[in-house]
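Trainee: According to TrEMBL, the protein carries these features:
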{"type": "BINDING", "residues": "Asp19, Phe20, Asn21, Arg35, His58, Tyr59, Glu60, Arg61, Arg120, Arg153", "note": "substrate binding site"}
{"type": "BINDING", "residues": "Arg35, Arg120, Arg153", "note": "(2R)-3-phosphoglycerate binding site"}
{"type": "BINDING", "residues": "Lys206, Gly297, Glu328, Gly354, Gly355, Asp356, Thr357", "note": "ATP binding site"}
Amino acid sequence: MKSIKDLNITGKTVFIRCDFNVPKDEDGNITDDRRIRGALPTIRYCLDRDCKVILASHYERPEAGVYEDKYSLAPIVQRLQTLLKLATEITLANDVVGKNAKKKAAALQSGEVLVLENLRYEAGETQNDIILAKELASMVDIYINDAFGACHRAHASIDAMARLFDKEHKAAGFLLGKEVNFFEKTLEKPMRPFIAVVGGSKVGTKLEALNELINKVDKIIIGGGMAFTFLKAQGLEVGNSLVEDHLLNEAKKIMDKAKEEKVKFYLPVDVVIAPEFTDKCIAKYVPAQEIPKGWMGLDIGPASSRLFREVLNDAQTIIWNGPMGVYEMDKYAKGSTKMSHNIADTHATTIVGGGDTADVALRAGDVDEMTFVSTGGGASLNLIEGKKLPGIEALKA
Ligand code: AMP
């Protein structure tokens, strides 16, 4: 995979596929702009070389063809304008490859930036449509992918479009290069002990990653909703906690494999339980072996936090993906916050992957203490699983 530095881009029109899919609050304010900041080095590199820069990204999941304000990239453009501190105004096209975008692209001058509207307003984006890819490609000389968070999806702006350019005219941006390098290097030659901390709600989506991690790590810590599938697979009563019953066997196999590979496998020893999935009710701590019928586990308890802290003590490398509880509700956020502090406090190389997990680290004030916070959840999981990412394959083709 080439880096943007390997290409001759001076004075050219450059398309940069970014991942501006940032979280917003109910008032539409951007709550975490790390994905926008992450794209700045590549954008600045192009501007410094007198390029005409066209940026494109998807934002959430609008219905194709329906232009709604809440899915517009307008707030992103505003934030970009502030962060880039450009003398000229960044323009936003009203469409993706329509008349307005084409007209604005044709009028673009060196050192100027044009942002296309939300790529998913075009149905062809998620269908990896070659016609849309050709329309996008027709506006530019160079294709740059800097959207790590979207690289696990074979979409038109990620896959089909990249394949229309030869190797002298396509490359990875700085953010994509950094993300891929970090995961590959860490997974290839980790400093040991190497510990994986995995949480979140679904075992299903993380099964392959867990299977792969067992071959690589020295210890695994499981928390979050997915812990209950493992606890139930051990024969414990888990009440109404989140459980994927069809995966109980798989969970058992993973624990057996860990034993065979001599990987230490840690589950919560106590949990925060509540009778309902809400923070407007009583909650209490119980040992993981004493969850009453009718109650559900929504966070790990204080004894688990202390145990996991001990487990992490000698770590030299830590990969963390998934919160320890329903951290969106303050009442069940302590386990995740403490895990963030515990990881940040180690001397290990720490890699945080996944939007939710990065959000926990941010709320806990630990982002600066982590070695690397990835901008892509699904993409980083796929890299851990050893899967090939469509966006990266298309750059290499
Ligand atoms: P994932 O997308 O699989 O990483 O899951 C993240 C989600 O897991 C977050 O929205 C958490 O609220 C949720 N979660 C964590 N712990 C639990 C739990 N014990 N029960 C239900 N959901 C949980």
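Cβ atoms are placed via backbone N, Cα and C, with glycine included.
Just so you know, TrEMBL annotations are computer predictions that nobody has curated.
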Trainee: Determine, to the nearest whole angstrom, how far the Cα atom of Arg35 ((2R)-3-phosphoglycerate binding site) is from the Cα atom of Asn21 (substrate binding site).
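Mentor: Approximately 8 Å lies between the Cα of Arg35 ((2R)-3-phosphoglycerate binding site) and that of Asn21 (substrate binding site).
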Trainee: Just name the winner among Asn21, Thr357 (the binding-site residues) by count of other CB atoms within 10 A of its CB.
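Mentor: Highest number of other Cβ atoms within 10 Å: Thr357.
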Trainee: Using a 10 Å cut-off, grab the number of neighbouring Cβ atoms around the Cβ of Arg120 (substrate binding site), all chains included.
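Mentor: Its Cβ has 22 other Cβ atoms within 10 Å.
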Trainee: May I ask for the distance between Glu328 (ATP binding site) and Arg120 (substrate binding site), taken between their Cα atoms and rounded to an integer number of Å?
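Mentor: A Cα-Cα distance of 27 Å.
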Trainee: Using C-alpha atoms only, work out the spacing between Thr357 (ATP binding site) and Glu60 (substrate binding site) and round it to an integer in Å.
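Mentor: That separation, Cα to Cα, works out to 19 Å.
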Trainee: Which residues, sitting 6 or more apart from Lys206 (ATP binding site) on the same chain, put a CB under 8 Å from its CB?
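Mentor: Residues satisfying the criterion: Val198, Gly200, Met226, Asn321, Gly322, Leu381.
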Trainee: Listed binding-site residues are Asp19, Asn21, Arg35, Glu60, Glu328; which sit with C-beta under 6 angstroms of ligand 1?
Mentor: Glu328
Trainee: Which of the three DSSP states, helix, strand or coil, fits Arg35 ((2R)-3-phosphoglycerate binding site)?
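Mentor: It is helical.
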Trainee: Specify the nearest of the binding-site residues Asn21, His58, Glu60 to Gly354 (ATP binding site), where nearness means the distance between Cα atoms.
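Mentor: Out of the listed candidates, the nearest Cα belongs to Asn21.
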Trainee: Just the number: how many Å between the Cα atoms of Glu60 (substrate binding site) and Gly355 (ATP binding site)?
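Mentor: Taking the Cα atoms only, Glu60 (substrate binding site) lies 13 Å from Gly355 (ATP binding site).
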Trainee: Counting Cβ neighbours within 10 Å across all chains shown, tell me which of the binding-site residues Gly297, Gly355 comes out on top.
Mentor: Gly297
Trainee: Sorry to bug you, but what's the C-alpha spacing from Arg153 ((2R)-3-phosphoglycerate binding site) to Asp19 (substrate binding site), rounded to the closest Å?
Mentor: 12
Trainee: Distance between Gly297 (ATP binding site) and His58 (substrate binding site) at the Cα atoms, whole Å?
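Mentor: That comes out at 35 Å between the alpha carbons.
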